[in-house]
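Colleague: Have a look at the structure that comes next, please.
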Amino acid sequence: MGEEERLPVHGDEARELQPPLPGSEMRRILYRPVRWLKMLARELHWSFVFGVVIVYGVSQGLGGALVGVGTQFYMKDVQKVQPSEAQVYAGITSLPWLVKPLWGILTDVFPISGYQRRPYFVLAGSLGIVSMLFLSLHPGLHIVLALLSLTAASASVAISDVTVDACVAQKSGIHHSLAADMQSLCSLSSSFGALVGFSLSGLFVHLIGPQGVYGLLTIPAGLVFVVGILLKEQRVSSFADEQISQKLANVGKAVWNTLKCPEVWRPCLYMYLSFSLGLNVSEGMFYWVTDSPAGPSFSKEIFGYIMAIGSMGSLLGAILYQYGLKDYPFRDLLFWAQILSCLSGMLDLALVLRWNLKLSVPDFVFMVIDASVGQMIKRFKWMPLLVLSSKLCPPGIEGTFFALLMSIDNAGLLTSSWLGGILLHVLNVTRTEFDNMWLAILIRNMLRIIPLFLLFLVPRADPSSSILPDDVVNMKEAVEGREESENVELVALVDRTVGGR
């Protein structure tokens, strides 16, 4: 009987000693992501996984890439606006991202027909479909109506972003062991979607034009609408008006008490100033690389390919932070990130002054290096700020306060965009005049030095240390009556599309 029990073991050992066939090993590696997705679908429900992939991968990743490139060519070729105007308009269309806490509070405190998440996905999808169709079907649209439609489309993405983040936060509270897997799903979906979107953006703009691209973008919006129909969600009882008022009052009081702490408002001030002082003159560079006689005159397809390769730099920056830099103190990381940002900005200057040609470096190769390095450093700076923001959120109002911090960052980016537009206007950088483009880039690079002198606002702590004072940490009682499942929003720490905004 003992021999019979040992024989299978010996057989197994013999099979283990045999090297796996190359084909079977390759199939096993390729099938691993499929098994991982099946596991998530089994544990979290397939509709949740579907919703994350659609919102992060299709709507924000692929759709964000298509609308970004399409809008640049739409403003230049259809609306025929100046670079400075396009820079300001880009800031206007990002306004819905400044009120992310509002969307979060709505999806948590104001259920519709007994559901907290599904109706807001339906609302976001419907808003996106209508706005994209309106843009695609009106060739002579006035600039004001075009901006309203683009802002509505931005609001559509912002609402779905906040709603899916609320779903992720809720699932993370229930399935603690799968929290990291959910964040990985969000990040990978967004990165892969952006890579595909940028790869196709230039080709689509060339074949069907910017307005044709807007027509295609009704598909991602329609899929977000489908998420609202298919998502599995338990019905909740509607809150009484008194309950809603009390919840809002408690949250508002807790947020204000937290913001008054020096440990909180000082890094918030740094985040706003560091973003706003890095003037955004990207629209001027876009016009220069596509229209300037002295520039490379890239076609739509080539420009899309450059943006696609640049998005890989962003993914590389996230990987470098995750596996080599995440344990370093915030102040040290931000110091080096700002230094690298100043240095990388000189690549734009070298391109505009045509130094790359003097070094026999082709425009396409140099632009690819510029885009990849720039995106990697942006991600390298963004990641510690996201982690720092999460450390500033007190218990009980984590979601609301995190959304508020993201709005502060977005306000800095908006200021940067508008100040960049003013700079381009003052220097007379137009559709046909680019003589002072190099000066705009030089001023931008010089302003990037200023945040180095503001690093004293950032705590010396590392990500494993506590930053908030004890009285703020023990403030959870100020938000009594709030159920554990009611988190307003928790933004994914590894992706977010500088774009977010």
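Residue positions begin at 1 at the first shown residue.
Just so it is clear, glycine is given a Cβ too, placed from its N, Cα and C backbone atoms.
Per TrEMBL, the features are:
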| type | residues | note |
| --- | --- | --- |
| COMPBIAS | 1-16 | compositional bias 'Basic and acidic residues' |
| REGION | 1-20 | region 'Disordered' |
| TRANSMEM | 46-70 | transmembrane segment |
| TRANSMEM | 120-137 | transmembrane segment |
| TRANSMEM | 143-164 | transmembrane segment |
| TRANSMEM | 185-207 | transmembrane segment |
| TRANSMEM | 213-231 | transmembrane segment |
| TRANSMEM | 269-290 | transmembrane segment |
| TRANSMEM | 302-321 | transmembrane segment |
| TRANSMEM | 333-353 | transmembrane segment |
| TRANSMEM | 401-426 | transmembrane segment |
| TRANSMEM | 438-458 | transmembrane segment |
Colleague: Return the stretch with the most CB pairs under 8 A relative to the transmembrane segment (269-290), choosing among 46-70, 213-231, 302-321, 438-458.
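Modeller: Out of the listed stretches, 438-458 contacts the transmembrane segment (269-290) most.
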Colleague: Taking pairs 6 or more apart in sequence, does the count of Cβ pairs under 8 Å between the transmembrane segment (143-164) and the transmembrane segment (46-70) hit 3 or more?
Modeller: yes
Colleague: Report the listed stretch (185-207, 333-353, 401-426) having the maximum count of Cβ pairs within less than 8 Å of the transmembrane segment (302-321).
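Modeller: Going through each listed stretch, the top one turns out to be 185-207.
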Colleague: Are there at least 3 C-beta pairs under 8 angstroms linking the transmembrane segment (46-70) and the transmembrane segment (185-207), leaving out pairs fewer than 6 apart in sequence?
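Modeller: Since 3 or more Cβ pairs under 8 Å link them, the transmembrane segment (185-207) and the transmembrane segment (46-70) do come into contact.
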